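A.B. asks: Straight out of Swiss-Prot:
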BINDING   ASP21, LEU22, ASN23, ARG36, HIS59, LEU60, GLY61, ARG62, ARG113, ARG146  substrate binding site
BINDING   LYS197, GLU314, GLY340, GLY341, ASP342, THR343  ATP binding site
Amino acid sequence: MTVLKMTDLDLQGKRVLIREDLNVPVKDGVVSSDARILASLPTIRLALEKGAAVMVCSHLGRPTEGEFSAENSLKPVADYLSKALGRDVPLVADYLDGVDVKAGDVVLFENVRFNKGEKKNADELAQKYAALCDVFVMDAFGTAHRAEGSTHGVAKFAKVAAAGPLLAAELEALGKALGAPAQPMTAIVAGSKVSTKLDVLNSLSGICNQLIVGGGIANTFLAAAGHKVGKSLYEPDLLDTARAIAAKVSVPLPTDVVVAKEFAESATATVKLIADVADDDMILDIGPQTAAHFAELLKSSGTILWNGPVGVFEFDQFGEGTKTLAKAIGESQAFSIAGGGDTLAAIDKYGVAEQISYISTGGGAFLEFVEGKVLPAVEVLEQRAKA
């Protein structure tokens, strides 16, 4: 994958527009989870060190396009950046007709989705973005699967279009995990439905040695293998699909599970062998025997790709399976890459972030890359690099 990289460019005195993914949760006007902002800081700092006049842009939430809404304003993010960078980071609301930024200074543009034509990737808007800068830097992997004005359109028209360090690192890590993975490769794909992860499961079944499934997905595979799953969430119309995937790759199934009579924080957890699951049981986690077996598979892997917790880890009594696997991934010598919102929450809960080789900041983009789909915002950078 050949793209121009920001790290290789001379930015001294240049006007640099950086598209970051600063779409963070905000509560009562304050940023409540700062992971994405923290991930963007090295890129912003590097551009400043290189002597650029830095303009940062992002979306936040889902406002009605073309209309200002206070709840989707990037003001809390500007406040956070000011503290984190130890300098004033003004929020600029009107910037499309030009903005005055000096070399060595940084400003944050107001939510790009307040601009008409952003989501439709309108050329007229993209050209206005491009006219603001000498260099456009795409650093938002989390939005790379969307062709929008500030992710794709601007890259078509900017004088120079490059990948930022965060985007370049994501592409490198995913390329390493999927392109030529160290063997054996184990993937964990968990979630409520096979249907939403079908392309991921099909894609991974062609490259990994073991495919560990969890959550409602595992229940569908269990039912496909003839096991009773009680009143657990599963998809009866996808049993043949599950069997077809299991015929292509080793899918180790749980031998014991943690069940409850209801889906609730107060529910009583009971460990049962898979053969003992009753008609009124709900499977909400893998059992200790299964977790220990899966942990051994992970510890002896060369590459691990993790997407999704294997149980309802938000309730502690159904979190032991995910905790055991998270710790095993952390202890493994494998190159490990993890992505997806719930996965990141599990990594935080069990404190294994430092032990995972690469944590992807993109949810949808991570999955689409794993599926083998083209990411429009990356494709345009490749095209510009060739030109």
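Using N, Cα and C of the backbone, Cβ positions are placed for all residues, glycine too.
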A.B. asks: Given the binding-site residues GLY340, ASP342, THR343, state which is nearest to ARG113 (substrate binding site) when distance is taken between Cα atoms.
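C.D. replies: Looking at Cα distances from ARG113 (substrate binding site), the smallest one goes to GLY340.
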A.B. asks: Given the binding-site residues GLY61, GLY340, which one has the fewest other C-beta atoms within 10 angstroms of its C-beta?
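C.D. replies: Lowest Cβ count within 10 Å among the binding-site residues (GLY61, GLY340) is GLY61.
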A.B. asks: What three-state class does DSSP give HIS59 (substrate binding site)?
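C.D. replies: The residue in question, HIS59 (substrate binding site), is coil (DSSP, three-state).
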A.B. asks: Show which residues of the chain containing ASP342 (ATP binding site), separated from it by at least 6 in sequence, have their CB under 8 Å from its CB.
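C.D. replies: Result: GLY191, GLY308, PRO309.
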A.B. asks: What whole-number Å value do you get for the CA-CA distance of ASN23 (substrate binding site) and LYS197 (ATP binding site)?
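C.D. replies: Answer for this pair: 24 Å between alpha carbons.
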A.B. asks: If you measure from the Cα of GLY61 (substrate binding site), which of the binding-site residues GLU314, GLY340, THR343 is the nearest?
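C.D. replies: Result: the closest of the binding-site residues to GLY61 (substrate binding site) is GLY340.
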A.B. asks: To which of the binding-site residues ASP21, GLU314 does the lowest count of other Cβ atoms within 10 Å belong?
C.D. replies: GLU314
A.B. asks: In sequence order, which same-chain residues at least six apart have a C-beta under 8 angstroms from THR343 (ATP binding site)?
C.D. replies: TRP306, ASN307, GLY308, PRO309
A.B. asks: Over the residue list ASP21, LEU22, ASN23, ARG36, HIS59, LEU60, GLY61, ARG62, ARG113, ARG146, recorded for substrate, what is the maximum interresidue Cα distance in Å?
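C.D. replies: Greatest Cα-Cα span of the listed binding residues: 18 Å.
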